[in-house]
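J.: Before I ask anything, here is the structure I am working with.
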Amino acid sequence: MISSKTNVDRRRIMLLGLLVPPTLFLLVFFIVPLTIMVIYSWLEPGLYGGVVWNFYDLNYGRILGWADSRYEKFDPVYLAIFFKSVRLALTTVLICLFVCYPAAFWISKMSDTKKNLFLFLVTLPFFVSLIVRLFAWVLILRPTGFLNQALMGTGLISEPLQIIFTDTAVIIGMTYVFIPFMFLPLYASIEKLDMSLLESSSDLGATRLQTFRRVILPLTLPGIIGGSIIVFIPALGNFIVPSLLGGAKVLMIGNLIEQQFLSARNWPFGSALGMIVMAAILVLLVYYVKMMTREDRLARTPSIKEVQ
Amino acid sequence: MSPILNITGATKRFHTPDGKSVTALDDVSLRVEQNEFVTLLGPSGCGKTTLLRAISGFEGLESGAIEIAGSPVTHLPAHKRPVNTVFQNYALFPHMTIAKNIAYSLDVADTPKKEISERVGKMLDIVGLAGFGDRKINQLSGGQRQRVALARSLIAQPKILLLDEPLSALDKNLRHKMQQELKSLQAEFGIAFVFVTHDQEEALTMSDRIVVLSDGKIQQHGTPEDLYRRPKTEFVARFVGESNLFEGHVVEASSQNALVQIGNGQKVSINKSGLREGVKVKLLARPEDLSVGHNADREGLKFKAKIDQLFFVGADYQILATTHDGLAIKATLRPSAQSRDPIGSPRSEIEFFIDKEALHVIAAEAVHE
Amino acid sequence: MNALKSIKIAALALTALAATNAAQAQEKLSLYNWGDYINPEVLTRFTEETGIEVSLDTYGSNEEMLAKIQAGASGYDIVFPSVHMHDIMSQLDLLAKTDIGSSPGFDNIDPQFVRASTDPNAEYCLPYAWGNVGIVYNKNKVDELSGWADLFELAKSGEKIILLDDPRETIGIGHILNGTSVNSTDEAEVVAAANVIKDNLENVSAFSYDSIPLVQSGDVAAAHWYVGANIFVQQNPDILEYIIPEEGATMYQEDMCVLKNAPNQANAKKFMEFYLKPEIAALNVEQQMNGTPNIPAQALIPSEIADNPSIYPPADVLSKLQIFEDLGQDLKLYNREWTAIKTAQ
Ligand SMILES: Nc1ncnc2c1ncn2[C@@H]1O[C@H](COP(=O)(O)OP(=O)(O)OP(=O)(O)O)[C@@H](O)[C@H]1O
Ligand SMILES: [Mg+2]
């Protein structure tokens, strides 16, 4: 008895020892900055950046509608930019999904050496600075750039396509940047997919489409959702791609936030905008977690019938 | 009545990445009757799975044709063939409940909901899983999964059920139980089962007919008794049941009999026609065909031997012995009801007798594989 | 036992490190400057002459620099704020008093460049360089371009133009065309100036600092850029041209200031005095192609720079250049209008 009790104690101490470092890490690198952001978003902006320690609700007022003065005026434009960003980010997610899904299937069927080669190629862009890669896209997309020259050379078009500095360029750039983030979780779930399930489905009379809808899709759904979230979140807050490939004419919520900190000297307003983005993402994540736990519960709890 | 399954001249080659080619099916022809339980038996890599996959439509053929219930299906995709498969690993859908798994083939065929739930309920009853419908696959034991896989494949009433080593993952007791259940399911549904195993005991107990495959070729097919008593080749003899094989040659042949001399000089006259003089043969005797001591009234082969090992297995003794001229002998002996004396002990001398009626001749051309 | 030993060794190593750091601290200077805003040769010379090792970090805007200094970026000795930012930093008490104005070489500096109202006697900062913000264009795309109106005409005709991604510079163009001050805090005037840009927005392909390569390749016909564009004009005289628009333009001036928490105050002062030398100021201009407040330096500058009216404009043009002042709270008007411009399409 005694020894088992000390055993439990020892285990508790060990657990504590194991949990303290990650807790501290989260506290220092996540909770503290987040708390600063939350607090700042309710403070008055300092004239030259920083904050004045007075409670101030007009940062949210500017975004959500109750601010009305010479300096702090409600403008629906902020929400409009937010929704535009959501639209661009969602488009990016969808394109990434459409590109990566078949690619992941294709690669998962290859021999091991080829597989490794392709997985390496997918992660290759990470070895080069993002800015450099995006400038390369400027060179590709501009009117006298590689893409237009190639298309005009083959006679497909006679006038250069106006892609650079448009929404399209931003979507191309973000798709390019985030494809690896979509690919890896998708690949992980597709690689795990048991091919005999597909045969079993077709054996039971399902057409290819039915097999896809009823077996492949639900089984790779965790990868699809995971990849989509991992792409959506940074795409929503991205400011580098719109400023380089969108020529800063395409304004996303990330640019607006960056602008508040680096040129408008309005930290609290920047924090408030950041909080709005966070709130949206939080809602999304809560929904995701809820859905996942529901699936899990379905899988684990015995139904009433069996209990009898 | 036409056979439910008719395969003619099926040939299938695989090309391995290193440029070699493997003949997995070599001119295989096979007929399966309605309501027949046919087992494909053979060593690993002999083409059993390939043959099943050719029937179900997952593997195309180089040449040959397949007909199911009289209509050709050779070029029909898998989902259009009226056959279902129970896979070795069951391949149950992990994201669906048991009821959903079983209902799958009806679901994809757009069967009305009401009919589906009735049929699924009935199916669950039949396989003894009533009340388990809402569980997920990972909440089931191996035997239960097996039953779900069976129910799922049977619910759409296929013309043929294909089973690829469905019992190999189960422990021995469960395996015996499932063997019986499979048999009774087959009787209940009245459809043909094509069953793959490499366990010859399983094949013998379950099948109406056994097809022995080796290197993609059918070696022999017939009833379990046929294969056990009258194997055509040494391969079949060795693969099905335990065997003692004695090399010899025909020294005298008449229209009905042949006199065969085996390696140690003994001669025995066998009741078999069509053997020419000088032909090499092998004589097969099953372990239970051996008896102890010499019966002067009967003609046969006798061997003096020394017991190497002796196992008592309840009713019988199993004996491994070596004859004085070096042949290995396997015998299964049942002591007579009167004498309960031990038959012998290791290293003791023993004399075996094999009645000539029990000897089966495997002809020379079939001797070497 | 072992653990103790290794701790001891680590401690020893740390003290040793601290010691060498202290020794080297005498020999270091850390600059925080705009990107490409000083001739590297100047730094090399300084190191040769004094043995002080110079490190350089860069920023893209006054506000970025201020935000980072305020957020606690430390270790920098010298920064290069524009005049209005010099005033802000004085008010925020971020600058160190250097008395550079009483250094012997300060006589070289044209007194009209001591502009910051918070530092009338140059007790803190040294006027560093100045220039104007005009238009660089591709001569193959447009024959002649003389001002902002021309620029927007060009854009209307279907050619592409790029404006700077800077609220005050770009709304400033509107002010200049409307004849209002670029430092106006009158809401109506600011809105009107912003509307000039909005009206032409369709024809502006981007707001960017990275426009020169696109002008050079002909992807863009003209761009709003700094006088430093002359560097590229000099390299490609057949293709590029830089002008000060006839309607007027903005000008900028940066001052060299020492931060209050600078770790190497003495070295910083040495660098300022070094930069007072005419030959050093001239060396910088030679590569930067901008203006220097150092009078004797102007005699040492190569004639193609000294005689270039877009770098050293004549008095009548000079009088049309406006310099930005700090707007305080009213900067918000500009930011608001800037967001409105960006979302107007
Ligand atoms: N996809 C394939 N590619 C290449 N060779 C294959 C392929 N599938 C099977 N083979 C080869 O064909 C032969 C027959 O294989 P099959 O799977 O039919 O054997 P099996 O009798 O089912 O064996 P086991 O009892 O081990 O399951 C083997 O030599 C195997 O290596
Ligand atoms: Mg197999």
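Using N, Cα and C of the backbone, Cβ positions are placed for all residues, glycine too.
Values in this document were obtained by computation on a predicted structure and should not be read as measured data.
Residues or ranges marked as signal peptide in TrEMBL: C:1-25. Per TrEMBL, the feature spermidine binding site maps to C:Asp166, C:Pro167, C:Arg168, C:Glu169.
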J.: Name, in order along the sequence, the binding-site residues among C:Pro167, C:Arg168, C:Glu169 with a Cβ closer than 8 Å to any chain A Cβ.
T.: C:Pro167
J.: Taking 10 A as the limit, how many CB atoms besides its own sit near the CB of C:Pro167 (spermidine binding site)?
T.: 23
J.: At a 10 Å cut-off from the C-beta of C:Asp166 (spermidine binding site), count the other C-beta atoms across all protein chains.
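T.: Taking every protein chain into account, the count is 21.
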J.: Starting from the Cβ centroid of C:Asp166, C:Pro167, C:Arg168, C:Glu169, which together make up the recorded spermidine site, report each further residue of the same chain whose Cβ lies within 8 Å of that point, ordered by sequence.
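T.: What remains near the Cβ centre is C:Leu164, C:Thr170, C:Ile171, C:Gly172, C:Tyr334, C:Trp338.
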J.: Near the Cβ of C:Arg168 (spermidine binding site), how many other Cβ atoms are there if near means within 10 Å?
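T.: Other Cβ atoms within 10 Å of C:Arg168 (spermidine binding site): 20.
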